[in-house]
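Enquirer: Quick one: the structure is below, questions incoming.
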Amino acid sequence: MSSTPLLGAADAAAAADVEVAVEAEGDAGFARFEARCTVCIEEYAPCCSMRRQAWEGGFWLGTPVVLGVLLGALLPTSQQCPVMPEPLDRVSSIIGWVYFCAWSISFYPQAYLNYRRKSVVGLSLDFQLLNLLGFGCYAVYNTALFWNPGVRKEYACLHGGSLPAVHANDVFFALHASVVTALTLIQCALYHRGGQRISWPAALGTGVAGAAITAYLAAVIGAATQGGGGGIAGGAFAVADAPAVPCGSTLSWLSFLYFLSYIKLAVSLVKYIPQVWLNYRRQSTVGWNIHNVLLDFGGGLLSLVQLLMDGALTHDWTAVTGNPVKFGLGFASMLFDLIFMAQHWLLYPAVPACSLWEAAAAAAALDKAACKAGAAVPAGDEAAPVAGLAQASGGLADWQPLLLPEA
C-alpha cells in the first residue's frame, strides 16, 4: 500500500516516540492510544470544538461590553475635556471603558488557551517579546502624561494650552497589558514550545531598542541635572514644576516620552509579522486564539471612535496631533487583525471536533500501523479525512504533551 508523508521532521520524531510507546504494549497499547486521542480531541481542542468555541466566544466578547457600560455609566467622567456637553461626555466615557475592557481582556483568551494545552506551539515567541517591549514603553508614556504635572505643563506649552488626551483607562490598560504580557512570556518559557524559540532579529531589535532607551534616558537625566532639575533623585518625573530644559527641547522629559511612544508605534507595526509568518508556515492558526484578535480589533475601532469624537465635540484636534501613538496604534492593530481573521476563517479554517474524531477513527480503520506512527496515511480518496486531521491539529507535535505520558 502506497503512502504519503504528512508530517515534518519535528512531528515525525514525535510520532516515532508515540509509535515506540504503543508497540511496546501491542493492541492494548493501541487501544489506549486511541482513547487518549479521543480525550485530546474532545477536551484539549477548544479551538476546534464548535460548541465550546461558541460558548467561549460569547463570554470573551460579551464581558468587555457589559463591564465597559457599567464602568462608564457609574464612574465619574474624565475631566480632561471639561467643555464636552452632557450627555456626550458620558457616551465618550462608556466608549473609553468598553475599549479598555476589550483590549485588557484580549490578553486572557490566549493565556487561557496556553494553560489548557500546557503548550505555546502556534504562538510566536517573537510576538510576545516585542509585545513586552512595546507595552513597557507605552506604560511609561501614558503614566507620565496622565499623572506628572511637569510633563503635562510642558505638553500644554507645546500645544497651545491643551492638556494631553490621555484618560485613566489608557493608563491602567498600559500597566495591565505590561503585566499580563510578562506572564504570558513566562508561559512561553515553562510550557511545551515544540522547538520554537526567539529569533535573532527579534532579540537583536529588542536589544538595540533597550540600548537606545538607556542612552536617551541618561542624556535627559544629565540635562535635567545640569539645569537644576536634580535628575531622578531630585524628582525627574516631577521636575517640570520648574523645567530644567527649555520647552520643546530634544532633551526634555516630554521628548523622551515621545521617543518611547515611537518605539511602541514601531513595535506595533512589526510585532504581528512573526505571528502572521508562523501561521503561514504551519498553514494553521491552531494555538493562536481568534478571540484575542476580535477583542483587539474592537478595542482599536472604539479607541479611534473616542479620539475623533472627543476632538469633534471640543473642537480641539490636538487629541490627534498631540497623541500620534494612540491614533497610529489603532490603525496598525486593526490592519493586522484583519489579516489574522482571513488566515483563521478563509485560508486555514479549523475542522470541528466531530470531524477530527471521524478522521482519527477512519485512520485507525484503514491502517493501524499508519495511525500509530502518525507519519504516513494511505494514498487516494480515503486519505482525505486523515489529512484533515493533520491540518486541523497543526501537526502531531502540537498534541504530543497530552499523548505521553498516560495520565
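The backbone N, Cα and C atoms fix where each Cβ goes, and this holds for glycine too.
Values in this document were obtained by computation on a predicted structure and should not be read as measured data.
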Enquirer: Between 59-78, 359-378, I'd like to know which one TrEMBL lists as transmembrane segment.
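Expert: Based on what TrEMBL states, transmembrane segment spans 59-78.
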Enquirer: Kindly say whether the transmembrane segment (90-108) and the transmembrane segment (203-224) touch, using the definition of 3 or more Cβ pairs under 8 Å where each pair is 6 or more positions apart.
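Expert: Output no: the transmembrane segment (90-108) is apart from the transmembrane segment (203-224).
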Enquirer: Check for me, if you would, whether the transmembrane segment (171-191) reaches the transmembrane segment (203-224) - at least 3 Cβ pairs under 8 Å, residues 6 or more apart in sequence.
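Expert: Contact absent: fewer than 3 Cβ pairs fall under 8 Å.
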Enquirer: Near the transmembrane segment (329-348), which same-chain residues lie under 8 Å Cβ to Cβ, leaving out any that are not at least 6 residues past its ends?
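Expert: For the transmembrane segment (329-348), the sequence-distant neighbours (Cβ-Cβ under 8 Å, at least 6 residues beyond its ends) are 264-265, 268-269, 272, 275-276, 279-280, 283-285, 288, 290, 293-294, 296-297, 299-301, 303-304, 307, 391.
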